[in-house]
(Lines of atoms letter the chains of each structure in order from A and count residues from 1; the text may use other names and numbers.)
(Lines give C-alpha, C1' and ligand atoms only; values in the text may rest on other atoms or scores of the structure.)
Protein backbone atom coordinates (compact mmCIF):
# COMPACT_ATOMS: atom_id res chain seq x y z
CA UNK A 1 0.00 0.00 0.00
CA UNK A 2 1.34 3.37 -1.00
CA UNK A 3 1.75 6.02 1.69
CA UNK A 4 0.30 9.47 1.71
CA UNK A 5 1.64 12.02 -0.78
CA UNK A 6 5.07 13.17 0.25
CA UNK A 7 5.68 10.13 2.44
CA UNK A 8 7.62 8.09 -0.13
CA UNK A 9 11.36 7.84 0.51
CA UNK A 10 13.64 9.79 -1.74
CA UNK A 11 17.35 9.36 -2.54
CA UNK A 12 18.28 10.15 1.09
CA UNK A 13 16.04 7.35 2.40
CA UNK A 14 13.76 9.85 4.14
CA UNK A 15 10.17 10.72 3.22
CA UNK A 16 9.86 13.89 1.21
CA UNK A 17 7.97 15.73 3.96
CA UNK A 18 10.74 14.88 6.44
CA UNK A 19 13.34 16.14 3.97
CA UNK A 20 11.45 19.43 3.68
CA UNK A 21 11.74 19.85 7.45
CA UNK A 22 15.49 19.32 7.38
CA UNK A 23 17.57 22.49 7.60
CA UNK A 24 20.57 23.10 5.41
CA UNK A 25 24.03 23.79 6.79
CA UNK A 26 23.44 27.45 5.92
CA UNK A 27 20.22 27.53 7.97
CA UNK A 28 21.99 25.94 10.94
CA UNK A 29 24.81 28.46 10.63
CA UNK A 30 22.33 31.35 10.44
CA UNK A 31 20.61 30.20 13.64
CA UNK A 32 23.90 29.68 15.47
CA UNK A 33 25.09 33.11 14.39
CA UNK A 34 21.86 34.65 15.69
CA UNK A 35 22.82 33.21 19.07
CA UNK A 36 26.54 33.93 18.72
CA UNK A 37 27.06 36.87 16.35
CA UNK A 38 30.48 36.79 14.65
CA UNK A 39 30.84 40.52 15.44
CA UNK A 40 31.20 39.57 19.12
CA UNK A 41 34.35 37.53 18.46
CA UNK A 42 37.77 38.95 19.30
CA UNK A 43 39.65 40.45 16.35
CA UNK A 44 42.23 37.63 16.40
CA UNK A 45 39.61 34.88 16.47
CA UNK A 46 38.39 32.71 13.59
CA UNK A 47 34.74 31.74 13.88
CA UNK A 48 32.00 30.56 11.55
CA UNK A 49 31.82 27.87 8.87
CA UNK A 50 35.30 26.44 8.24
CA UNK A 51 34.52 23.30 6.19
CA UNK A 52 31.54 22.10 4.19
CA UNK A 53 28.82 22.85 1.66
CA UNK A 54 26.31 25.46 2.92
CA UNK A 55 23.57 23.81 0.84
CA UNK A 56 23.97 20.33 2.32
CA UNK A 57 20.88 19.12 4.24
CA UNK A 58 21.41 18.37 7.92
CA UNK A 59 19.73 15.61 9.93
CA UNK A 60 22.17 15.37 12.83
CA UNK A 61 24.54 17.85 14.51
CA UNK A 62 27.38 16.86 16.85
CA UNK A 63 28.66 19.40 19.41
CA UNK A 64 32.21 19.22 20.83
CA UNK A 65 34.83 21.47 22.39
CA UNK A 66 37.77 20.64 20.11
CA UNK A 67 37.94 20.04 16.34
CA UNK A 68 40.28 17.06 16.48
CA UNK A 69 40.23 14.15 14.09
CA UNK A 70 38.80 11.75 16.69
CA UNK A 71 35.77 14.01 17.09
CA UNK A 72 35.31 14.27 13.32
CA UNK A 73 35.37 10.48 13.11
CA UNK A 74 32.73 10.37 15.82
CA UNK A 75 30.59 12.75 13.75
CA UNK A 76 30.94 10.47 10.73
CA UNK A 77 30.11 7.36 12.79
CA UNK A 78 27.02 9.05 14.24
CA UNK A 79 25.82 10.11 10.80
CA UNK A 80 26.17 13.82 11.58
CA UNK A 81 26.36 16.27 8.71
CA UNK A 82 27.47 19.21 10.88
CA UNK A 83 30.05 19.41 13.67
CA UNK A 84 29.87 22.47 15.93
CA UNK A 85 32.96 23.10 18.05
CA UNK A 86 33.93 25.78 20.52
CA UNK A 87 37.58 25.95 19.55
CA UNK A 88 38.60 26.96 16.01
CA UNK A 89 40.44 24.63 13.69
CA UNK A 90 42.95 27.32 12.67
CA UNK A 91 43.88 30.47 14.58
CA UNK A 92 46.80 31.34 12.29
CA UNK A 93 47.09 31.52 8.54
CA UNK A 94 47.91 28.31 6.70
CA UNK A 95 49.18 27.76 3.17
CA UNK A 96 47.80 24.25 2.77
CA UNK A 97 45.76 21.49 4.36
CA UNK A 98 47.77 18.40 3.48
CA UNK A 99 47.07 15.37 5.64
CA UNK A 100 50.60 15.58 6.96
CA UNK A 101 49.31 18.17 9.47
CA UNK A 102 46.75 17.74 12.24
CA UNK A 103 44.52 20.42 10.74
CA UNK A 104 44.80 18.88 7.30
CA UNK A 105 43.71 15.50 8.65
CA UNK A 106 40.67 17.13 10.24
CA UNK A 107 39.70 18.84 6.97
CA UNK A 108 40.23 15.71 4.87
CA UNK A 109 38.34 13.46 7.29
CA UNK A 110 35.45 15.91 7.41
CA UNK A 111 35.21 16.27 3.64
CA UNK A 112 35.42 12.52 3.01
CA UNK A 113 32.76 11.92 5.67
CA UNK A 114 30.41 14.64 4.45
CA UNK A 115 30.71 16.66 7.68
CA UNK A 116 30.67 20.45 7.78
CA UNK A 117 32.55 22.24 10.58
CA UNK A 118 31.34 25.40 12.36
CA UNK A 119 32.98 27.23 15.27
CA UNK A 120 31.63 29.65 17.90
CA UNK A 121 34.53 30.68 20.13
CA UNK A 122 34.99 34.07 21.79
CA UNK A 123 31.57 35.12 20.47
CA UNK A 124 30.12 32.27 22.56
CA UNK A 125 32.29 33.26 25.53
CA UNK A 126 30.55 36.64 25.84
CA UNK A 127 27.04 35.58 24.81
CA UNK A 128 24.15 35.40 27.28
CA UNK A 129 23.63 32.52 27.74
CA UNK A 130 27.16 31.53 26.85
CA UNK A 131 30.14 29.55 28.05
CA UNK A 132 30.41 31.12 31.50
CA UNK A 133 26.63 31.01 32.06
CA UNK A 134 26.76 27.27 31.46
CA UNK A 135 29.63 26.90 33.93
CA UNK A 136 27.78 28.96 36.56
CA UNK A 137 24.66 26.87 36.03
CA UNK A 138 26.60 23.61 36.36
CA UNK A 139 27.98 24.78 39.71
CA UNK A 140 24.53 25.65 41.04
CA UNK A 141 25.02 29.43 41.19
CA UNK A 142 22.00 31.73 41.36
CA UNK A 143 21.54 35.48 40.83
CA UNK A 144 24.13 35.22 38.06
CA UNK A 145 25.22 38.48 36.42
CA UNK A 146 28.02 39.66 34.11
CA UNK A 147 31.41 39.94 35.78
CA UNK A 148 33.39 42.13 33.41
CA UNK A 149 30.60 43.66 31.31
CA UNK A 150 30.33 43.82 27.50
CA UNK A 151 32.75 45.85 25.39
CA UNK A 152 31.86 49.52 24.96
CA UNK A 153 31.92 49.43 21.17
CA UNK A 154 28.50 49.12 19.49
CA UNK A 155 27.44 45.55 18.91
CA UNK A 156 24.96 43.98 16.56
CA UNK A 157 21.79 42.75 18.28
CA UNK A 158 21.72 39.08 19.25
CA UNK A 159 18.50 38.45 17.36
CA UNK A 160 15.24 37.42 19.02
CA UNK A 161 15.30 37.10 22.83
CA UNK A 162 16.17 33.72 24.27
CA UNK A 163 13.19 31.51 24.84
CA UNK A 164 12.26 30.53 28.39
CA UNK A 165 14.16 27.47 29.53
CA UNK A 166 17.01 27.67 27.03
CA UNK A 167 19.66 27.78 29.77
CA UNK A 168 20.18 24.18 30.87
CA UNK A 169 22.74 22.57 33.13
CA UNK A 170 24.24 19.36 31.76
CA UNK A 171 21.07 17.74 30.40
CA UNK A 172 19.77 18.00 26.87
CA UNK A 173 16.48 19.51 28.03
CA UNK A 174 16.99 22.72 30.05
CA UNK A 175 14.75 23.58 33.01
CA UNK A 176 12.05 26.25 32.68
CA UNK A 177 12.79 29.84 33.62
CA UNK A 178 13.76 33.08 31.87
CA UNK A 179 17.30 33.75 30.70
CA UNK A 180 19.10 36.76 29.30
CA UNK A 181 20.08 37.18 25.67
CA UNK A 182 22.88 39.39 24.43
CA UNK A 183 26.52 40.22 25.04
CA UNK A 184 27.45 39.99 28.71
CA UNK A 185 31.21 40.23 28.35
CA UNK A 186 33.65 37.75 29.82
CA UNK A 187 32.87 35.93 33.04
CA UNK A 188 29.89 35.70 35.37
CA UNK A 189 29.42 36.06 39.13
CA UNK A 190 26.71 34.48 41.26
CA UNK A 191 25.83 33.03 44.64
CA UNK A 192 25.89 29.58 46.17
CA UNK A 193 22.76 28.66 48.15
CA UNK A 194 24.83 29.04 51.33
CA UNK A 195 28.45 29.55 52.33
CA UNK A 196 30.64 26.45 52.37
CA UNK A 197 34.34 25.76 53.00
CA UNK A 198 36.59 26.15 49.99
CA UNK A 199 37.49 22.45 49.99
CA UNK A 200 33.79 21.53 49.94
CA UNK A 201 33.22 23.93 47.07
CA UNK A 202 36.15 22.40 45.16
CA UNK A 203 34.55 18.99 45.60
CA UNK A 204 31.34 20.51 44.19
CA UNK A 205 33.28 21.74 41.16
CA UNK A 206 34.92 18.35 40.63
CA UNK A 207 31.55 16.59 40.77
CA UNK A 208 29.86 19.07 38.42
CA UNK A 209 32.41 18.94 35.60
CA UNK A 210 33.66 16.02 33.48
CA UNK A 211 36.52 14.14 35.10
CA UNK A 212 40.01 15.00 33.84
CA UNK A 213 43.52 13.96 34.80
CA UNK A 214 44.26 17.37 36.32
CA UNK A 215 41.14 17.49 38.45
CA UNK A 216 40.61 20.65 40.52
CA UNK A 217 43.23 22.65 42.43
CA UNK A 218 42.89 25.85 44.42
CA UNK A 219 44.81 28.56 46.22
CA UNK A 220 44.19 29.72 49.77
CA UNK A 221 42.93 28.25 53.01
CA UNK A 222 40.84 25.13 52.29
CA UNK A 223 38.62 25.93 55.27
CA UNK A 224 37.81 29.52 54.31
CA UNK A 225 34.08 29.99 53.66
CA UNK A 226 33.05 30.92 50.12
CA UNK A 227 29.66 31.86 48.75
CA UNK A 228 29.94 34.56 46.06
CA UNK A 229 31.62 32.85 43.11
CA UNK A 230 33.03 34.26 39.87
CA UNK A 231 33.48 31.96 36.89
CA UNK A 232 35.07 32.19 33.47
CA UNK A 233 35.09 29.21 31.12
CA UNK A 234 38.49 28.75 29.51
CA UNK A 235 41.48 30.95 30.37
CA UNK A 236 40.18 33.69 32.66
CA UNK A 237 42.81 34.24 35.33
CA UNK A 238 43.17 37.87 34.28
CA UNK A 239 39.66 38.46 35.63
CA UNK A 240 40.70 38.04 39.26
CA UNK A 241 40.70 41.83 39.68
CA UNK A 242 37.16 42.02 38.34
CA UNK A 243 36.20 39.15 40.64
CA UNK A 244 37.59 41.04 43.63
CA UNK A 245 35.71 44.21 42.65
CA UNK A 246 32.52 42.13 42.38
CA UNK A 247 33.00 40.88 45.93
CA UNK A 248 33.71 37.29 44.88
CA UNK A 249 35.24 34.86 47.35
CA UNK A 250 36.57 32.61 44.59
CA UNK A 251 37.16 32.58 40.83
CA UNK A 252 36.72 29.32 38.91
CA UNK A 253 38.64 29.27 35.63
CA UNK A 254 41.38 27.37 33.77
CA UNK A 255 45.02 27.53 32.70
CA UNK A 256 46.48 29.07 35.85
CA UNK A 257 50.16 29.97 35.32
CA UNK A 258 52.65 29.95 38.18
CA UNK A 259 53.85 33.57 38.15
CA UNK A 260 50.46 35.01 37.29
CA UNK A 261 48.80 33.07 40.11
CA UNK A 262 51.51 34.14 42.59
CA UNK A 263 50.95 37.79 41.71
CA UNK A 264 47.16 37.45 41.63
CA UNK A 265 46.74 35.87 45.05
CA UNK A 266 49.18 38.37 46.56
CA UNK A 267 47.15 41.29 45.19
CA UNK A 268 43.60 40.01 45.75
CA UNK A 269 41.84 38.16 48.56
CA UNK A 270 40.14 35.80 46.11
CA UNK A 271 40.74 32.05 45.95
CA UNK A 272 41.62 30.79 42.47
CA UNK A 273 40.02 27.45 41.62
CA UNK A 274 41.79 26.01 38.60
CA UNK A 275 40.12 23.37 36.41
CA UNK A 276 40.85 21.80 33.03
CA UNK A 277 40.24 24.16 30.11
CA UNK A 278 38.23 21.56 28.19
CA UNK A 279 36.08 20.67 31.21
CA UNK A 280 35.25 24.31 31.97
CA UNK A 281 33.80 24.80 28.49
CA UNK A 282 32.07 21.45 27.98
CA UNK A 283 28.79 22.41 29.76
CA UNK A 284 28.17 25.10 27.11
CA UNK A 285 27.71 22.42 24.44
CA UNK A 286 24.33 21.51 25.93
CA UNK A 287 23.14 25.12 25.85
CA UNK A 288 24.27 25.57 22.24
CA UNK A 289 22.61 22.30 21.26
CA UNK A 290 19.29 23.27 22.86
CA UNK A 291 19.35 26.76 21.35
CA UNK A 292 19.97 25.41 17.85
CA UNK A 293 17.08 22.94 18.10
CA UNK A 294 14.71 25.55 19.52
CA UNK A 295 15.64 28.19 16.96
CA UNK A 296 15.22 25.83 14.03
CA UNK A 297 11.93 24.49 15.41
CA UNK A 298 10.56 28.03 15.47
CA UNK A 299 11.22 28.11 11.72
CA UNK A 300 9.63 24.74 11.00
CA UNK A 301 12.90 22.84 10.83
CA UNK A 302 13.87 19.72 12.77
CA UNK A 303 17.34 18.46 13.59
CA UNK A 304 18.79 15.89 15.97
CA UNK A 305 21.72 16.89 18.17
CA UNK A 306 24.29 15.04 20.26
CA UNK A 307 26.95 16.34 22.65
CA UNK A 308 30.23 14.47 22.30
CA UNK A 309 31.44 12.69 25.43
CA UNK A 310 34.95 12.23 24.04
CA UNK A 311 37.51 13.67 26.44
CA UNK A 312 39.79 15.84 24.31
CA UNK A 313 41.67 17.39 27.22
CA UNK A 314 45.32 16.75 26.23
CA UNK A 315 46.43 15.85 29.76
CA UNK A 316 45.81 12.11 30.03
CA UNK A 317 47.20 11.15 33.45
CA UNK A 318 49.07 12.47 36.47
CA UNK A 319 51.11 11.03 39.34
CA UNK A 320 49.90 12.34 42.67
CA UNK A 321 52.59 13.90 44.87
CA UNK A 322 52.55 13.31 48.65
CA UNK A 323 50.74 16.58 49.34
CA UNK A 324 50.76 18.41 51.76
CA UNK A 325 54.32 17.30 52.52
CA UNK A 326 56.88 19.62 50.94
CA UNK A 327 60.55 19.01 50.14
CA UNK A 328 62.66 17.49 52.89
CA UNK A 329 64.97 20.27 54.20
CA UNK A 330 67.43 17.62 55.45
CA UNK A 331 68.15 16.41 51.95
CA UNK A 332 71.18 17.96 50.31
CA UNK A 333 70.54 19.77 47.07
CA UNK A 334 70.52 17.34 44.20
CA UNK A 335 70.41 14.30 46.47
CA UNK A 336 67.46 12.11 47.19
CA UNK A 337 65.12 13.48 44.54
CA UNK A 338 66.30 10.90 42.04
CA UNK A 339 64.70 8.30 44.29
CA UNK A 340 61.18 7.00 44.23
CA UNK A 341 59.69 5.82 47.47
CA UNK A 342 60.02 2.07 47.83
CA UNK A 343 61.85 1.74 44.50
CA UNK A 344 65.43 2.57 45.46
CA UNK A 345 67.81 4.72 43.42
CA UNK A 346 66.78 5.60 39.89
CA UNK A 347 69.51 5.20 37.30
CA UNK A 348 70.97 8.10 35.33
CA UNK A 349 68.80 7.43 32.30
CA UNK A 350 65.63 7.70 34.40
CA UNK A 351 66.93 10.88 36.04
CA UNK A 352 67.47 12.42 32.63
CA UNK A 353 63.94 11.54 31.57
CA UNK A 354 62.54 13.00 34.79
CA UNK A 355 64.30 16.31 34.16
CA UNK A 356 63.14 16.79 30.61
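Cβ atoms here come from the backbone N, Cα and C positions, even for glycine.
All annotation found in TrEMBL is predicted automatically rather than curated by experts.
As written in TrEMBL, here are the features:
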- 1-20: region 'Disordered' (REGION)
- 86, 87, 125, 277, 281: divalent metal cation binding site (BINDING)
- 144-188: region 'Disordered' (REGION)
- 319-356: region 'Disordered' (REGION)
- 346-356: compositional bias 'Basic and acidic residues' (COMPBIAS)
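For residue 277 (divalent metal cation binding site), the same-chain residues lying six or more positions away in sequence with a CB closer than 8 A to its CB are 234, 235, 254, 255, 313. Here the Cβ of residue 87 (divalent metal cation binding site) has 18 other Cβ atoms within 10 Å, regardless of which shown protein chain they belong to.
Listed in sequence order, the residues 65, 121, 124, 131, 233, 234, 278, 280, 284 complete the 8 Å Cβ shell around the divalent metal cation site centroid, once 86, 87, 125, 277, 281 themselves are left out.
Applying an 8 A CB threshold to same-chain residues 6+ apart, the list for residue 281 (divalent metal cation binding site) reads 65, 86, 131, 135, 233, 234. All protein chains included, residue 86 (divalent metal cation binding site) registers 25 other Cβ atoms within 10 Å of its own Cβ. Close to residue 125 (divalent metal cation binding site) in the fold, though at least 6 residues off in sequence, lie 131, 132, 186, 233, 234, each with a CB less than 8 Å from its CB.
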